[in-house]
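As structure tokens, the structure follows; a few thoughts come after it.
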């Protein structure tokens, strides 16, 4: 039994590059869908007083502004995380100090 678990571990290490790419793409899609869901929920709660047969101009402007601010904020956070990640020393380098 131990040999099968070690062989499955080595099989995971040698995953087909196409499969890895597929998994990465699907993970990105899932993250995007989660982001859209969060944005929709947040903006709906903020902008929609009472659902009606037609979206009034105030609600439409609120939705547009909400979505733009959500995207701006998300982009700002991603950029800040990227800067922070680049400025941190590599873990192995910090151990050698």
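For all residues, glycine too, the Cβ spot is worked out from N, Cα and C.
Per Swiss-Prot, the stretch carrying the note motif 'Twin CX3C motif' among 43-66, 67-90 is 43-66.
When the Cα of residue 43 (disulfide bond) is compared against those of the recorded positions 57, 62, 87, the shortest separation belongs to 62. For the motif 'Twin CX3C motif' (43-66), the model gives a mean pLDDT of 91. With residue 66 (disulfide bond) as the anchor, the candidate recorded positions are 47, 57, 87, and the one with the nearest CA is 47.
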